Amino acid sequence: MVVNIGVLGFQGDIEEHVEAWRNASEELGVKTNVLLVKKAEQVKQIDAISIPGGESTVIGSLSERMRVMGALKEAILGGLPTLGTCAGLIVLAKRSKDAVVTEKTQPLLGVMDVEVERNHFGRQNDSFEADLKIPVLGEKPFRAVFIRAPIITRTGPGVEVLAEMEDGIVAARQANIVSTAFHPELSGDTRFHKYFLKDVAKLV
Ligand code: GLN
């Protein structure tokens, strides 16, 4: 069996997501076909999807303009396993606020019952790395890369917190949806992707 994984292909660190899926599936011994999703009809061809980090306003507006937003929303609500990293987390969230320009509306899928604050860590300290405790990945800390990262400020009742820092929640799961404020695709550690493929998407 070949597993089809989509990466929303409009903007952001798309290639890094493709690479991370390839590495994780190879390590798990799963045959994977990774495709860039840019059209609504492609949403029907995939078993899981990831939404990259980048600029959430651009990813959201292009998804809307290219008419992928509606199909994707329906699929995720119907159970499509979905991983959103950084900007991807913002696009999946019910509500977003910007730490700099507080009330700014942007097109969101709105499928995950969380509220996020964009650019939480500000401009002066907009990139850093931290060792996180992520219990679903085991004992060994996970080196997490944060780039102009958001933070989760509120979670609904169906949302499980996967990782937290002093500032707030940085990884969470709601059934088939997993989101991170950091970039697991950039750390070279495939544990997060393997967890997603095995425990969330159940494709292994
Ligand atoms: N600051 C970006 C946004 O608000 C997210 C940054 C990232 O994905 N690395 O969309």
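Glycine is treated like the rest: Cβ placed from N, Cα and C.
Because TrEMBL annotations are produced automatically, they should be read as predictions rather than curated entries.
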Candidate from R22, R95, R118 that TrEMBL assigns to the same L-glutamine site as G54, E55, S56, I147, R148: R118
Pairwise Cα distance for R148 (L-glutamine binding site)/C86 (active site, nucleophile) [Å, integer]: 8
Same chain, 6+ residues apart, C-beta under 8 Å of the C-beta of E55 (L-glutamine binding site), given in sequence order: Q11, G12, A87
Cα-proximity to H183 (active site, charge relay system), 10 Å cut-off, over recorded positions S56, C86, R118, I147: C86, I147
C86 (active site, nucleophile) CB neighbourhood, other CB atoms within 10 A: 30
